[in-house]
C-alpha cells in the first residue's frame, strides 16, 4: 500500500519476531552515544582552556558520531517498535548520503587523531608548531571534502537507477547496496564505485593509523612513560579495531557475501554504526584527565 515514491524497510531479515529486543539494544546504544557525545561537546564548548588540537579533533568526532547515529537509529526504532517501515524516496537517499559520508568522515578523524598522538608523543616540543590552528582547520576541511566528494558521484549513480519493481529494502536503513539491488537496471557501476572507493579510503586510513601507532610503540619502548602511552594507545586501538574490522567485513559481505546470511550482514552493519559511537566518548574523551575534570567541575 506504499506510494510509488517511497521504500519499505524490512528491518533485520529473519529476526522480524524480535522487534522489542532489537529496539532496546539499538535504543540503548543511541542514548549512550547522544548523551556521551553531547556531554563532550558541552564541556569542550564551555571550557575555554580546552583548545588544544586534540580537543578540536574530539569535537569533530563527537559531531560526526551524533549525526551518524541520528541518521539511522530513529528510523530503525520506528521499524522495530512502531511498525512504520515506509521511508520517502528523497529521505532514503538523504539518509544514504549521511550514513556513508559520516562513516568516511569518522575514518578520517580517527586517522587525524592517530597522527595527533604520534606528534604529541614523538615530537612533543614541536607539537603546537606542527598542529597549529590553521593546520587543524585544513585537516578538518580535507576530511569533510573527502567524504562529500566520495558520496556525490555514488549518490548520483544510485538515484539515476530506475526503481520499477519491489520497494522492500532488505535492511534496517537505506544502505547503498540494499537499495541499489532493487533497481530494474544493472547496479554494477554504482557497486563497483562503492567498493573501490570504500576500499581506497579505509585501506589508506588503516595503513596510516597502523604506521602512526607503530612509530609510537617504537618511540616509547624502554622509557618511563611507556606504560602510560601503551595504556592510552591500547584503548584507542581497541576502538579503532572495533570500528574498522566490522566496517571492512560489512563492506565486503554486502558486495560479495552471498554465503553470509542476510540477518548477519544487516546486524553487522547496524552494530558498525552504533556501537563505536557509544564507546568513542568513553575511550577518547572521558578518559582524558582535562576533560574529565572539566566535566566534574561543570556538574
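Cβ atoms are placed via backbone N, Cα and C, with glycine included.
All annotation found in TrEMBL is predicted automatically rather than curated by experts.
Per TrEMBL, the listed range annotated as transmembrane segment is 136-154 (candidates: 136-154, 155-173). If you look at the transmembrane segment (87-115) against the transmembrane segment (20-45), you find fewer than three C-beta pairs under 8 angstroms, all six or more positions apart, and that falls short of contact.
Contact between the transmembrane segment (20-45) and the transmembrane segment (136-154) is not supported, since fewer than 3 Cβ pairs fall under 8 Å when only residues 6 or more apart in sequence are counted.
Sequence-distant contacts of the transmembrane segment (266-286) (same chain, six or more residues past either end, CB-CB distance under 8 Å): 12-13, 15, 26, 29-30, 32-33, 36-37, 39-40, 58, 61-62, 65-66, 68-69, 72-73, 76, 99, 103, 106, 113, 170-173, 175, 235-236, 238-239, 242-243, 246-247, 249-250, 253-254, 292, 295. Sequence-distant contacts of the transmembrane segment (195-217) (same chain, at least 6 residues past either end, Cβ-Cβ under 8 Å): 104, 107-108, 110-111, 114-115, 117-118, 121-122, 146, 150, 154, 229-230, 233, 236-237, 240, 244, 247-248, 251-252, 255.
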